[in-house]
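Peer 1: Okay, here's the structure, questions in a sec.
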Amino acid sequence: MSRPLSKNTEREPKQINGHQNNLSNHKHLSKSLEQEMKAFLIDEKELHLYDDLTKVNPVTTATVLKCLQARYSAGVFYTNAGCTVVAVNPFQPVYKLYSSEVMKDYHSTSNPQGCKPHIFTVAEQAYRNVQSQIQPVNQSIIVSGESGAGKTWTSRCLMKFYATVSASRCYITNEMVERIEGRVLDSNPVMEAFGNACTLRNNNSSRFGKYIQLQLNRAQQITGASIQTYLLEKTRVAHQAPLERNFHIFYQMFKGASRLEREEWNLPEKANFSWLPNYENNLEEDDFEVTKKAMLHLGIDQPTQNNIFKILSGLLHLGNIKFSDSVDESQPCEPLNYTQEFASIAANLLKIPVSHLLERLSIRTITAGKQQVFKKPCRKSECDTRRDCLAKTIYARLFEWLVTVINENICAESCRWNNFIGLLDVYGFESFPENNLEQLCINYANEKLQQHFVSHYLKSQQDEYAAEGLEWSFISYQDNQSCVDLLEGSPISIFSLLNEECRLNRSLDAGQLQSRLENALSHNKCIGRDKFSKKPNFIVSHYAGKVQYQIEDMAEKNKDPVPPELIQLLQESDDHLLQKLFPVDNNKLVYGATNNRAVGVTVVSKFKGSLESLMQILHSTTPHYIRCIKPNVDCQALVFRQEEVLMQLEACGIVETINISAAGFPIRISFENFVERYSVIAPRQSHMKTCFPLKKKQGSIEKTDQLSSKLHTILQAVLPKQCKDSTLSNSLVHCGTTKVFLTHLMVELLEERRLIAISSKAMCIQCCWRSYRQRKLAKQSKAATTIQAAVKGWLTKKYIKRMHSAATVIKRIWKKWKEKMEALAAAELDDSTEDVESTLFSSMLASPVKSLESSKTNLPDKIMTQSAILRFGTLGLVLYGAPAIRKYIVETDELKRNQNILMCLNMLHRNNRYKVTVNREEPGITSIRARPQGSIRFHYKRSPLHFANICPGKINCGITGFNEILLEKTV
């Protein structure tokens, strides 16, 4: 930042002899520059503290560049640029920058935007967007940048982050999730081994594009994944640029195979393969064991792996086959003598006859009509082309098969996942000394991604601000629409002209194609050519810079022809894997696609279609951008070259992004969705209702006004100080005509208040529910008690009624029996009274009454037993035991009672046939009953019941018949 000069420094310079004093002028300038430099150095010391480039003032390319350099020198490699994260590749391992502890810290924080810039900030924000279910729910993280900027490493770290944070607390569920996450992570080394290679600009350059969808269930746990690949650079199998290498898997095999594997695959340690250049360079990616373990975890067993490596070894031997020029054009070219062995080994590994292999490589089959077949020997260059075509076709099919197998093992069923987070890793922008169709397609993909970024964050935001009435100073940005139209536009573009040449199937040299391009596309400013180059070429002005493309062989590469006889050769192979890769059912399709009169889908058309489907997915998701920056071309650690970084910053539109994001509102929600989601925040007295009933009753204008008033009510509840008189124009929120524009901080405030309101209302609902449940349980308990009381009362009444009926019957029967017994007893008593009384009184008079009383008093308190046999009639005992007699005896005085006892005992003693046990405790008769033979112990405890201690046993005596029945009844 420059400062105005002070008054003291604004002096007129002195003049000597009519000339200005240059020395004083120099001192004057040096002082002002010194002040400016001092201020600049102070600011420069603080530049590394700026986490967000939008806070740098002024926002210019120079200040942004200085800020990134200061942070890079301080060991800080991530910086926010508004809605984008800028990642500068350190080119060295950084301690604990990607550890699991750091991942958990970013995941557990309450405010990810408040943390230090990191790729985990972007990952966590996307993860929380899925949790909040704000439309669009699905997320995409687009990792872009030049080759070697760190895109592949960033994608790998993002996958590890999601595998770490999606773990479940449940042991069983967590074990299943970890198994799925392990398979998803194992797909990385396999895909990198077969799809990455060492180039001039990157040791681990992705030679294919991939879009990985991490599938999440309702609990936001990874249940599976799917991989989509784009445009594998299969030409690298047979053609490697100087100082570059083939795919990693070939070097892993050659360096990591065991002795037995080398013998089986015919890979001697000192072998020299023309398709395996620069194998002496040892790279971190040359780890064969990691690749084999990952393949095993993905369901590719050991025999299948062995089969794959045999085929790859066969391709290496196939590349060593060299042909000699034929002396006679009618004779096919023969392989050189020293390459005959390579042909035999290649045929053996591919399990095809060596004669068939050499024949199909050197002789072309021409079909004329349906049955006419001609064979024509090929020239040496054609033989080499057919050999390379065979290798490229096998490798491309093998790569597609690997992707299919990986998807079968990691992809979840559609019913098991609800949302996804996509990770896009495509080739970076490429510009080499010689560029052809591959670089044209790669740069076309980067142009489409840049257009998506521009349309999403720059153009769409400014257009939407203007449409919604947001006060906004428009910013000029670099629009690449003209370049995209040049490549894919309709009706005339570079791709359309290339496809037309392929459809015409005519021999057209590169110079003629160059003239067609210049004449047809001269109106577009993005195309040109190098007039000083002898080779036909054209130059395209991409967003990242100008690139010169060579036209030679471009049309032929676009056709990507595969001779049908080569497909037939592979279909005849005895190898099981090759039979899967080239099924016989495709024979007719192959003939139709390679017929001389018809051309199949071109490479450009196929790539354009797959890219369009990818862009549709990106447009349907919420995108997040990570811009990877390569600080130097040499990939040296902690080396920051401003010129190279500046080119990348300008190319990807970082400065324009910062300008818009600094004063912009990245989150836009319609009034209807806003009120629907945040209506719970409004105070109770506002009585807010949902806006959906207004659709049928009111017009759109009245509905919008009502929604706007409700929206203001909600915002006033969140920001009461900032919101005055329904005017919401501040740094946090702005209300347009149909949408509300929010910053991330405002969304966090709204979500926090919404969570508090939902928690409060949930607690209220819980309290109401609990009280309702308690009242319901009380009512149910009371009702159950009432029912139980009624049932018990009914049962009791029924039982009492039954008992009363039974008692009445028993009472009636007993009364009849009693009357009958009393009558019988009275009749018998009348007959035997005279004999008994005479005997009794005679014995009683023999001893005085006093002796009787004394004997009574001298009786011990124990049982007195005397034996007697009843002889005087069957009713004698019954008479004594009859109720009337008992009553009579009990009611008599003491003397008569004693007399009666003695009379009975004497009579029984005289008969000497029955034993009677008498229990006496006090005056009066306690018990007198006949008992069965054997000892019976009587207890003296008094019972309130009469005759409660009488043993009801059967009397084994001469009492039988009716008297026995009467005795039992009496007992």
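Glycine residues also receive a Cβ, built from the backbone N, Cα and C atoms like all the rest.
The ATP binding site annotation in Swiss-Prot covers Gly145, Glu146, Ser147, Gly148, Ala149, Gly150, Lys151, Thr152 and rests on sequence analysis. The domain 'Myosin motor' annotation in Swiss-Prot covers 48-755, and the record cites sequence analysis as its basis. Marked as domain 'IQ 1' by Swiss-Prot: 758-787. Marked as domain 'IQ 2' by Swiss-Prot: 780-809. Residues annotated as region 'Disordered' in Swiss-Prot: 1-25. The region 'Actin-binding' feature in Swiss-Prot is assigned to 611-633. Here Swiss-Prot flags 826-971 as region 'MyMOMA region'.
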Peer 1: For the region 'Actin-binding' (611-633), what does DSSP give as the number of helix, strand and coil residues?
Peer 2: 9 helix, 8 strand, 6 coil
Peer 1: Under a criterion of Cβ-Cβ distance under 8 Å and sequence separation of at least 6, what residues of the same chain contact Ser147 (ATP binding site)?
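Peer 2: Same-chain residues close to Ser147 (ATP binding site) (Cβ under 8 Å, separated by 6 or more) are Thr199, Arg201, Asn202, Ser205, Tyr427, Gly428, Phe429, Glu430, Lys630.
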Peer 1: Could you list the residues of the same chain, at least six apart in sequence, whose Cβ is under 8 A from the Cβ of Gly150 (ATP binding site)?
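Peer 2: Once residues fewer than 6 apart are set aside, Gly150 (ATP binding site) is near Ala87, Asn89, Cys628, Lys630.
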Peer 1: Applying the rule Cβ within 8 Å of the centroid of the Cβ atoms of Gly145, Glu146, Ser147, Gly148, Ala149, Gly150, Lys151, Thr152, what extra residues of the same chain belong around the ATP site?
Peer 2: Asn89, Asn202, Ser205, Gly428, Cys628, Lys630
Peer 1: Should Gly145 (ATP binding site) be counted as helix, strand, or coil on the basis of DSSP?
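Peer 2: DSSP call for Gly145 (ATP binding site): strand.
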Peer 1: Averaged over the region 'Actin-binding' (611-633), what pLDDT does the predicted model reach?
Peer 2: 92
Peer 1: Within its own chain, what residues at least 6 apart in sequence put their Cβ under 8 Å from the Cβ of Gly148 (ATP binding site), listed in sequence order?
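Peer 2: Looking at Cβ-Cβ distances below 8 Å from Gly148 (ATP binding site), excluding near sequence neighbours, one finds Asn89, Thr199, Arg201, Asn202, Asn203, Ser205, Gly428, Lys630, Cys635.
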Peer 1: Under 8 Å Cβ-Cβ from Glu146 (ATP binding site), six or more apart in the same chain: what's there?
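Peer 2: Non-local contacts for Glu146 (ATP binding site): Arg201, Gly428, Phe429, Glu430, Ala544, Cys628, Lys630, Gln648.
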Peer 1: Given the binding-site residues Gly145, Ala149, Lys151, Thr152, which one is most crowded in terms of C-beta atoms within 10 angstroms?
Peer 2: Lys151
